[in-house]
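Engineer: Below you will find the structure I want to go over with you.
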Amino acid sequence: MSNTTLHATTIYAVRHNGKAAMAGDGQVTLGQQVIMKQTARKVRRLYEGKVLAGFAGSVADAFTLFEKFETKLQQFSGNLERAAVELAQEWRGDKQLRQLEAMLIVMDKDAILVVSGTGEVIAPDDDLIAIGSGGNYALSAGRALKRHASHLSAEEMAYESLKVAADICVFTNDNIVVETL
């Protein structure tokens, strides 16, 4: 990414005890030194509120991908996996889309997927995943919570995992938005 690209964030998603939750922070960073916004909303409800999507990367690029993904959801009657695969194929195959600098996590009540511009659609083995600059911190915290604090709800796990990432990663803030299914 260029030095003037708006980027950096953390998105975390988990399925736990029959519930699903996705959390994202609110920080938008310009380059490596300037916080441009602290209250961005990077987790959205799509397809009549039945699908959650979160992005890490360039904001403008992510909005383009949200629109394309929602179109694919409509086209395939809400089939998350099919819509994600079709988006990844289009993203990888289109010369202009290939330039987009973002990653998505998409989820419904049954599945979590990471979608990237390299054509990858990845389902995590353990019903939790994180992307973005603080993704490894959130993922580590989430795995620990799932193993040792399984009494927490999916929403609580998502919030606390993002909170840990915000405490460590300078590109992640603690203005956390959590959406649940």
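Just so you know, glycine gets a Cβ as well, placed from its N, Cα and C.
Reproduced below are the annotations present in Swiss-Prot:
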ACT_SITE  THR9  active site
BINDING   ALA166, CYS169, THR172  Na(+) binding site
Engineer: Please tell me which one of the binding-site residues listed here (ALA166, CYS169, THR172) sits closest to the residue listed as 'active site', measuring Cα to Cα?
Structural biologist: THR172
Engineer: In which DSSP state, out of helix, strand and coil, do we find ALA166 (Na(+) binding site)?
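Structural biologist: ALA166 (Na(+) binding site) sits in a helix per DSSP.
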Engineer: Relative to the mean position of the Cβ atoms of ALA166, CYS169, THR172, the recorded Na(+) site, which additional same-chain residues have Cβ within 8 Å?
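Structural biologist: For the Na(+) site, the extra neighbours are THR10, ASP25, GLN27, SER133, GLY134, TYR137, ALA138, LEU162, ALA165, ASP167, ILE168, VAL170, PHE171, ASN173, ASP174.
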